């Protein structure tokens, strides 16, 4: 089945639920094997989860409204292509965006190597990031997150301790893995896929389910684009395997594995970045840092990311409650508050990794800046958590929340 056919399946509304379910399964199974022998998944191979098919329940009636496949192309690209399709050859370049708009985008791109880069503003100004294979309805795991991780990776690759040893191939792999590390993310986590018996959980035997899917989907995109078609087979195979190694490293369940290994290297002072293996390991660490660097950003940016990821958690919790499943940790909006989630995340996941990263880089300005942001942001979340507890106690005693307390909660503590 061609990629075009797979994408068009998402727009079809069949008359019977069985036909709809068949189309969903067909989308999920659209995988191909390339000449290099690595399984890949075609773009769009992971359908939006149809929650009425959970637990293999037999359902009657029509499956909900048909899904619209949205292509987020810039107006300039679309207009230019449509003129060519009509046989109209433009005599001059098409400038459909005013110079002020383009000037703002160019000005922002000139700062892409600075840590305080505002990815949300850049998204509003340009809308030209890797988007077609990310799902914009995800509050967190979407194209903006991919672009944010890529920008962070760009900053890390410029750290002198690492940059002095990187080859052009290393840089390409690092940025490509960052851009594609969450491609086709469904907005739910691995435990959700496992307990709902999703086909991907079975396919990858409940191990790094999402990360394996992101990797195989990336391979599918690369093969369809023929970006690497000019390279020898063995080189292409090596690139695909290294991309897999990088993307699989972002599995949060492997956090201790990588942290222990990094600590051992730093304690023994045996990292040799001239060695390909050690260099690749540090690319894995850099990508892991980039993936969870939100708490190390400016408060205004970090807070937005925190609210987005918690909204995604809460949506999963609502689905689990709706289908009478056990609510996953961090996904219960009634019990798991944003400040408490973030404080735990910073304490047990972010701080240990970034402290070791700073030890590796040698306390560079970037590392010091990130750790300072991390400490300030953690203090702000602690303050908000204290206000929540104080407000809760006051509410328990009086039976109501005062107007000023309600305003504080609405403005500072809820998504």
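Just so you know, glycine gets a Cβ as well, placed from its N, Cα and C.
As recorded in TrEMBL, the features of this protein are as follows:
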| type | residues | note |
| --- | --- | --- |
| ACT_SITE | 141 | active site, proton donor |
| BINDING | 141, 142, 143, 144, 145, 182, 291, 342 | AMP binding site |
| BINDING | 145, 181, 182, 291 | Zn(2+) 1 binding site |
| BINDING | 182 | Zn(2+) 2 binding site |
| COMPBIAS | 391-408 | compositional bias 'Polar residues' |
| DOMAIN | 129-388 | domain 'PDEase' |
| REGION | 386-415 | region 'Disordered' |
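The two recorded residues, the residue listed as 'active site, proton donor' and residue 182 (AMP binding site), have Cα atoms 7 Å apart. There are 27 other Cβ atoms within 10 Å of the Cβ belonging to residue 342 (AMP binding site). The most densely surrounded of the recorded positions 141, 145, 181 is 181 (count of other Cβ atoms within 10 A of its Cβ).
Only 291, from the binding-site residues 144, 291, 342, place their Cα within 10 Å of the Cα belonging to residue 181 (Zn(2+) 1 binding site).
Across the binding-site residues listed here (142, 143, 144, 182, 291), the residue whose Cβ sits among the most other Cβ atoms within 10 Å is 182.
Apart from 145, 181, 182, 291, the Zn(2+) 1 site neighbourhood in this chain, defined by C-beta within 8 angstroms of the site C-beta centre, holds 141, 146, 149, 178, 185, 250. For the binding site of AMP, formed by 141, 142, 143, 144, 145, 182, 291, 342 according to the record, the largest Cα to Cα distance is 22 Å, rounded to a whole number. On the 0 to 100 pLDDT scale, the model's mean across the domain 'PDEase' (129-388) is 95.
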